[in-house]
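Below is one structure, written out as structure tokens, with a few remarks after it.
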Amino acid sequence: QVVNYAPFTLLPSAVPRALFEQAYAVQQDFNLLVDAISQNKEFLEQTLASTIKVDDFTAQLFRIYMQVLEEGLAQTVFLGINRSDYMFDCGLDGTAALRQIEINTIAASFGGLTSRTADVHGLVLKVLGKTEEASHLLPNNPAKGLALGIAKAWELYGSQRAVVMFLVEEIQRNIFDQRCVENELWSRNIRVIRKRFRDVFEQGSLDASRRLYMDGQEVAVVYYREGYVPQNYDQQNWEARLLLERSRAVKCPDIATQLAGTKKVQQELSRPGTLEKLLPGRPEAIARMRATFAGLYSLDEGEEGDMIAATAIADPDRFVLKPQREGGGNNLYGEELRQVLEKIKDSPERTSYILMDKIKPQPALNYLLRAHSPLQVSECISELGIFGVYVRQGQELVLNQAAGHLLRTKAIEHADGGVAAGVAVLDTPYLV
């Protein structure tokens, strides 16, 4: 295979300092929230009830979740690595507001490559004679923060000989991003192995106390870098996933945390009173999170869903239609949104989607450097992600922090999609 450089912007992009700081300030709250949802069986059952009737993938994840709960969890240490993504919504008066797009609770990527991006942009600015501006770029090393979380979970698991297993795809285009995190672990003398679902099916086993072994090596932590889309699974892979979930190993994420990241859960969180139920006695945290929410609407069957569907069909440019999928490139906009809603408006299938207000950022000019692409100036918009890491042992939260940031930028003609989907490129925030 031919290796290409990861795509990036020629210049760093301006980001309002106040919004950047707001995104960092709320990350620990979102970590707490994701962890609370993952422990709330009743909330997950109620919230996903309509979705699992029409979305096979979510239903299969949910079946494994219920099976593992009924059997009793062997896992006692829990590790969350998530990334909360935002855009800067430009109001009619020109002021920008931070609006959460989604929270990724599985395989949140680019913590590695983006650890290198600020150095690239610092060099570009110096070459352009902008030494003063180069000195303003913030250092950023999410790879180190993510590795810290994995290392803490490994340590609490309590076996020096045990390894960390990166669960990876058959063909891994994004391998260098993962290597950055992996190398941080090796530097702490923690052994890392890389395996696919297929390997788990063929070589994985549990002993009597449900410790996980791969090829005779005990596994302390399973770090998923795949398993978030239906294409990642066949019958064997589902069986491998069940084996992993039943084990004592620390899963990042465990299946409950993966379900906590579904779009349906995101939409439910925006309903009045929901956050208060999930995080009682934390009004300040709730206010900080709610300040970042965009308008989210349910398409469940009934009067409310009918009304929202009709509104979106009449004015599709106001909204984004989102299925229960991770990995970018799945959302629907404009005419396509209208056509799909027209088709499913009277069918239960519509409950597998949520509707969200379309965010309207202010475009800026930049050059997007991509292998085999012409170099031209483009009108671009950016999306800011904040990485969060937490570790819980039993009921005690032993680590909860923001672990760095990721700025991705794309030309405005691309409505949807991230770096891995081939649309966005890596960027560095220049705070203004």
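Using the three backbone atoms N, Cα and C, a Cβ is placed for every residue, glycine included.
These figures come from a predicted structure and were not determined experimentally.
Per TrEMBL, substrate binding site is recorded for R83, 106-109, 172-174, Q178, 225-228, R408, 419-420. Marked as Mg(2+) binding site by TrEMBL: E102, N104, E326. Among the features that TrEMBL reports, ATP binding site is placed at E102, K263, 322-331, Y333, 356-359, E383, K410, D416. Taken from TrEMBL, the feature domain 'Glutathione synthase substrate-binding' applies to 162-260.
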Item to check | For Y228 (substrate binding site), the number of other Cβ atoms found within 10 Å of its own Cβ | outcome: 21
Checklist entry - How many whole Å apart are the CA atoms of Y333 (ATP binding site) and A107 (substrate binding site)? => result 25
Checklist entry - Looking only at the domain 'Glutathione synthase substrate-binding' (162-260), what is the mean pLDDT? => result 96
Checklist outcome for this item: Keeping only the binding-site residues of R83, P323, K358 whose C-alpha lies within 10 A of that of N104 (Mg(2+) binding site) yields R83
Checklist entry - How many helix, strand and coil residues does the domain 'Glutathione synthase substrate-binding' (162-260) contain under DSSP? => result 40 helix, 26 strand, 33 coil
Checklist outcome for this item: Note: in the chain of K358 (ATP binding site), residues six or more apart in sequence with C-beta under 8 angstroms of its C-beta are D317, R318, F319, V320, Y333
Item to check | Of R83, R173, K410 (the binding-site residues), the residue whose Cβ has the fewest other Cβ atoms within 10 Å | outcome: R173
Item to check | When distances run from the Cα of R173 (substrate binding site) to each of the binding-site residues E102, P323, K410, the nearest one | outcome: K410
Next on the checklist: Whole-number answer please: how many Å between the C-alpha atoms of E102 (Mg(2+) binding site) and R83 (substrate binding site)?
Outcome noted: 8
Checklist outcome for this item: Spacing of the two Cα atoms, E226 (substrate binding site) and P323 (ATP binding site), in whole angstrom, works out to 18
Checklist entry - How many whole Å apart are the CA atoms of Q178 (substrate binding site) and K410 (ATP binding site)? => result 22
Item to check | Pairwise CA distance, A107 (substrate binding site) versus K410 (ATP binding site), rounded so that it is a whole Å | outcome: 21
Checklist outcome for this item: Integer Å value for the Cα distance linking Y228 (substrate binding site) with P323 (ATP binding site) is 13
Next on the checklist: Please report the Cα separation of K410 (ATP binding site) and S109 (substrate binding site) in Å, rounded to an integer.
Outcome noted: 17
